[in-house]
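If you look up TrEMBL, you'll see 49-290 marked as domain 'G-protein coupled receptors family 1 profile'. Marked as transmembrane segment by TrEMBL: 34-57, 69-89, 109-131, 143-163, 189-208, 229-253, 273-293.
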């Protein structure tokens, strides 16, 4: 079992994820060397892509169907993460937090709520595509749309992400102290990765089978579009979220089965640090999902491109 505590001290304090048993955390090694440039690149690419997407959604999109509202919720979740990252980059470079306790907690919430919100919304988009292809008149489709077409859905799935933070420090669990802690069972990992990933794979396989079964050209095009959406979602999902989930699971296994193996624990925590950059790469890659999954968004983007090219 892994024990962690959120510590957000006062001014010029460290706003850090504190691991039980460590009295002195000295960030500035691997996380300060790798994460600032990687997260900085995530912010630049993400803000460019999502700013264009936001402008298209707000100013150019004429039709707002449930699929577009799903994607807009995902866009809001991405912006929440991207605007919070510069403060975290500053803290990594300085090796301490200088913006106060309240902003510290808000920053942590915005950063890590994006993970569960993004996973939830990608799963919803894939499920919606599957239902539209396989059960276009199903009552499940009519129930799914109003339930998940509000921005509050993103917030409602966010708090569990705070219990699924990856580990940003290199630690050996050989000396444990009596700091207050929060025990994290493996269930958040199962809920936030394994279960959604299983749904994504199921939807992709089922849509692929429908693609082979349908004979008309119109049906083939419709199913192919849905298949492309699911493939993009699965690809982004695996690239951005699987590494952290695998290394975190490895840390749990080492702590429970081989607690004396400091080398394995150290290696896994270092790999988890590196994978943090991939978590937030999701926010930069999501505009690809908008292009593949929304024909209205794609048409608006093409119109914008045509106007710019004509000039």
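In case you wondered, yes, glycine gets a Cβ from its N, Cα and C as well.
Mean pLDDT across the domain 'G-protein coupled receptors family 1 profile' (49-290) comes to 73 in this model. Beyond the ends of the transmembrane segment (34-57), by six or more residues, the same chain brings 68, 71-72, 75, 78-79, 81-82, 85-86, 88-89, 92-93, 168, 273-274, 276-277, 280-281, 283-284, 286-287, 290, 297, 300-301, 304 to within a C-beta distance below 8 angstroms of the stretch. Through the fold, the transmembrane segment (229-253) approaches residues 1-2, 115, 119, 122, 125-126, 129-130, 166-167, 186, 189, 192-194, 196-197, 200-201, 203-204, 207, 264-265, 268-269, 271-272, 274-276, 278-279, 281-282, 285-286, 288-289, 292-293 of its own chain, all at least 6 residues removed from its boundaries and within a Cβ separation under 8 Å.
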